[in-house]
Amino acid sequence: MTISGGNQHNNNANRKYEKLIKQPQMQFGSSVTGTQTDVDSCRDADADANAVRQDFSNFNKHFGNGHAITDRTMLLRLEDDVTTAAGIVTYKGKSNGNGNGNGNGSIGSISLDFNGSPTSSTSIGIASGSSSNTHLASGGGVGGIGGSEPAGWMCHCCNLIARRCFGINVRRCVLALLAITMVSIFYYTHYVDTGVFNGLIQRDTHPAPIINCRMINSGGKHIRNASPAPDHRSEARLRIDPKVLVFVETTYSGLGRDIAELLVYNRIKYKIEVAGKSLPVLTNLDKGRYGVIVFENLDKYLNMDKWNRELLDKYCREYSVGIVGFVSPSEETLVGAQLRDFPLFVNTNLRLRDASLNPLSSVLRLTRAGETAWGALPGDDWAVFQHNHSTYEPVEWAQRNTQEYPADSVGQVQLPLTTVLQDRGQLDGIQRVLFGSSLRFWLHRLVFLDALSYLSHGQLSLNLERMILVDIDDIFVGEKGTRLRPDDVRALIATQKNIAAMVPGFRFNLGFSGKYYHHGTREENLGDDFLLQNVQEFNWFSHMWKHQQPHLYDNLTLLMAEMHLNYAFAVDHNIPTDSGYSISPHHSGVYPAHELLYMAWKKVWNVKVTSTEEYPHLRPARLRRGFIHRNIMVLPRQTCGLFTHTMYIDRYPGGRDKLDESIQGGELFQTIVYNPINIFMTHMSNYGSDRLALYTFQSVIKFLQCWTNLKLASAPPVQLAEMYFRLHPEEVDPVWGNPCDDVRHKKIWSKTKNCDSLPKFLVIGPQKTGTTALYTFLSMHGSIASNIASPETFEEVQFFNGNNYYRGLDWYMDFFPSESLPNTSSPMPTQLGSPRFMFEKSATYFDGEAVPKRSHALLPHAKIVTILISPAKRAYSWYQHQRSHGDVIANNYSFYQVITASDSAPRALKDLRNRCLNPGKYAQHLEHWLAYYPAQQLHIIDGEQLRLNPIDVMNELQRFLKIQPLLDYSNHLRYDVKKGFYCQAVSEKRNKCLGKSKGRQYPAMDERSAKLLQRYYLNHNTALVKLLKKLGSRPIPQWLKDDLSTGT
């Protein structure tokens, strides 16, 4: 049956065949007047009318279902003939608006077979009127459903709906049909594994690697035995430091930034200088400070003033230091322009294509010649070099872009144009490598690294060994339709074998969550089984049982219980449990460190190694580092451009070209080039569907073999971690950052932790300068609170400067209560819940070598408060402090013996000497703090003024800290005659002073020691005066003036 709505009237009525046919009206109350058209043949109107009556009777039986009981009539007007063909009668008519609704006179048609059954090809169109009831053919059509021959339960439902559709409200009918449609979609996508529908899913679009090298066969082996990469090392490297001096046009120039980032990525030390200024110091005693000089703009070198040019050239000749220069783009196009003082000519502002390398160049080491980078090169501002002297040799060639510059004649052969040039130094004794374009072209990045190696005589050479490990996270985790099938597992094994031929020892590393085993479709469950049947083919590591984030657990027992479930699953399915490696879902709990995770890992899995992309931050990738915490080595993890949702090549963000760009010289390629040890994160979904991970890693490894001399290999995680920390021992200690400063970190940090409780300012010492008195005065303020006292170090936490730092951030934060807690020791009333200024006082922070870096990482916005007194007086006070506490060395050696102890003295004596003398090098330590904190966050207190006039000192400190309300210390501090210093006034007649150990009177320092210390600190005190003047906000203390006047 077909019922459809139209919007036109048939005015070609043949009135002589018009009849009225009464039929019981359908329940929904619509009256239909039909107009018959499309006449084939019909001569007897009465016979046709009878046929119509019979058909409508059958129609009402089918769709009225006994409910068409109203007295209204269906009026059918026969105009022209009734079409009858193949047992089907078709009526096309228009509504006359009879019934309860307001008909709009739309054309309608009804098709029935003579048996009263719907035709095998069924479509239903429904029109609605404007009244509360709905009518057949009473307005614009609003919906429909089409289908083919009924099959199974779905078609049965459709027939049932069709038969009852005219016995209920049409709007409900539409909703029912939509519901059936949604149910059918859900059924087919979640429960049907085979058949026509499943075949519609694109599963045969697996991209194949297209990287082909002329020098490498299909098995990843070089066709001819390639000569080993040249060794640039020579004895000249012994006279220079492994550091690069980079001259830039401005501190914000783009190429200068690219150069600096490339050096950072490869951990090459460098110094940036703005060209045009005076040269920095180039030598240190008899050694050159820099191994290579780099000019972002070659013109800055060529046009350097005579004095600086001669100094620089003399340094380069004397220490065999080379120069790298880049031809800077300019608006003026040069043709055959000669470089100043050199028999060298340049053409600029060219568009080029098809770059290749000179296989005879002695510069190349990391980079392999023999291939061509086909296609247009980036940019339209290339410079090419022309020369006629034997000192010059091309390193890189390119062709003119014929699309931009057509050849003069058809078939003309273009000569290669030199885009990177080596100057052997035959003219002036200085070797150079000149680039005709920036680092936008990926090949220039490799050649630039080779130039640094060559010009520094191997001092800046990179190791050519690269380790690659590919983790496959989320095994058994994934929605239906995204998981692995048996064919995917076979492809995984086959690809692993192919990669292993190019990367010795390579095996995929699979991380599993056992809870979701057999949670796919039937075929995907077979894939799970097939994966476990081949468990021996891979390396394995544990995720969490249900892929939970560990930082959400505050109970160690529960966290361990979840791990035990995954462990039991591994045992039941013969998965190895001794890898010593684990990955936390979403890297939760690794960094920021969740201490319970590290504890549970050790107890359940005996984890020795993990990895994360979050330390210290996800971006920029060049700054990712490793660390060791609780004897678990944490390695930096790399991304490869594939994530859980990137499963199909045609849906890859940016398209296939974007992925290929990353592989062929882009981000993924450069990640492996720059990192000696690479652990890549992928997911199970990347190995199903289009198997993008297999395509990606096969392609990038082949591309690496085409263009580099890198030696690729793989090893288990524990072995990689040991190698990593041998290469980078400076990364063993972690640096705890503030989780609230990184949105990603905050998401994987416990919700029970709050950065607001961290201290807003630090009192850093040094020791024996009055820090305890300052601590006491600050605690009197109602809006200021300090940490909870430590059972070991009392009011000092001593977190940033000792072994406490390795206990982790959680341990440190436990010392700081909620900032809303009242300060019960304060005489100043405070309201519960008012803002609090938390602070920490640890006098050992001042001269701690690692303290400024560590504190700035966690508390970058904190204010820093320090107290300075005469360094000689401070040294003597520390010695007497140790004597009073029964220190054996202090009681057995005089002060003079201690401060004059040699480096060959007993270790304990040297330690005491250092603790007496080193903190007094004030300028040196302050400069260290100012390397991390701006001067605006540093407040220096004159220790003598704190002792003699604490009220003014405390008022000034409150203004610096911007604390409200201000506390009037004149009402709370009183000079105590017996103690000889100010104390807290608790009543009119009683003071609360520090203990007996504070303010102790010592014997006067002997004159010999005093003179020695005045000479010892002379240069340090002079530097302090210069620093204070530079800061400009502090007057020169009187004790400093006295020390300098006496010393002279």
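Backbone N, Cα and C define each Cβ position, glycine as well.
According to Swiss-Prot, the topological domain 'Cytoplasmic' annotation covers 1-172, on the basis of sequence analysis. Marked as transmembrane segment by Swiss-Prot: 173-192. Feature annotation from Swiss-Prot assigns region 'Heparan sulfate N-deacetylase' to 192-752. Per Swiss-Prot, the feature topological domain 'Lumenal' maps to 193-1048. Here Swiss-Prot flags Asn388, Asn555, Asn823, Asn892 as N-linked glycosylation site, drawing on sequence analysis. Summarising the annotation, Swiss-Prot assigns 3'-phosphoadenylyl sulfate binding site to Lys768, Thr769, Gly770, Thr771, Thr772, Ser877, Lys998, Gly999, Arg1000, Gln1001, Tyr1002. Swiss-Prot lists Cys983-Cys993 with the feature disulfide bond.
Ranked by Cβ neighbours within 10 A across all protein chains shown, the disulfide-bonded residues Cys983, Cys993 are led by Cys983. Its own atom aside, the Cβ of Asn892 (N-linked glycosylation site) has 12 Cβ atoms within 10 angstroms in the protein chains shown.
The number of other Cβ atoms within 10 Å of the Cβ belonging to Thr772 (3'-phosphoadenylyl sulfate binding site), over all protein chains shown, comes to 21. The Cβ neighbour count for Lys768 (3'-phosphoadenylyl sulfate binding site), using a 10 Å radius over every protein chain in view, is 22. Nearest in space to Thr772 (3'-phosphoadenylyl sulfate binding site), taking C-alpha to C-alpha distance over the recorded positions Asn388, Asn555, Asn892, Cys983, is Cys983. Look at Thr772 (3'-phosphoadenylyl sulfate binding site): DSSP puts it in a helix. Ranked by CA distance from Cys993 (disulfide bond), the binding-site residues Lys768, Gly770, Tyr1002 have Gly770 at the top as the closest. Cβ environment of Gly770 (3'-phosphoadenylyl sulfate binding site): Ile867, Ile869, Gly943, Leu946, Arg947 lie under 8 Å away, each six or more residues apart in the same chain. Cys983 (disulfide bond) sits 46 Å from Asn555 (N-linked glycosylation site), counting Cα to Cα. Closest to Lys768 (3'-phosphoadenylyl sulfate binding site) in space, going by CA atoms and restricting to the glycosylation sites Asn388, Asn555, Asn892, is Asn892. The C-beta environment of Asn555 (N-linked glycosylation site), restricted to residues of the same chain at least 6 apart in sequence and closer than 8 Å, consists of Leu596. Reduced to three states, the DSSP call for Cys983 (disulfide bond) is strand. In this structure, the recorded positions under consideration are Asn388, Tyr1002, and the one with the smallest number of other Cβ atoms within 10 Å of its Cβ is Asn388. Counting only the Cα atoms, the space from Asn388 (N-linked glycosylation site) to Asn892 (N-linked glycosylation site) is about 79 angstrom.
Put simply, Asn892 (N-linked glycosylation site) is 17 Å from Tyr1002 (3'-phosphoadenylyl sulfate binding site) when counted between their Cα atoms.
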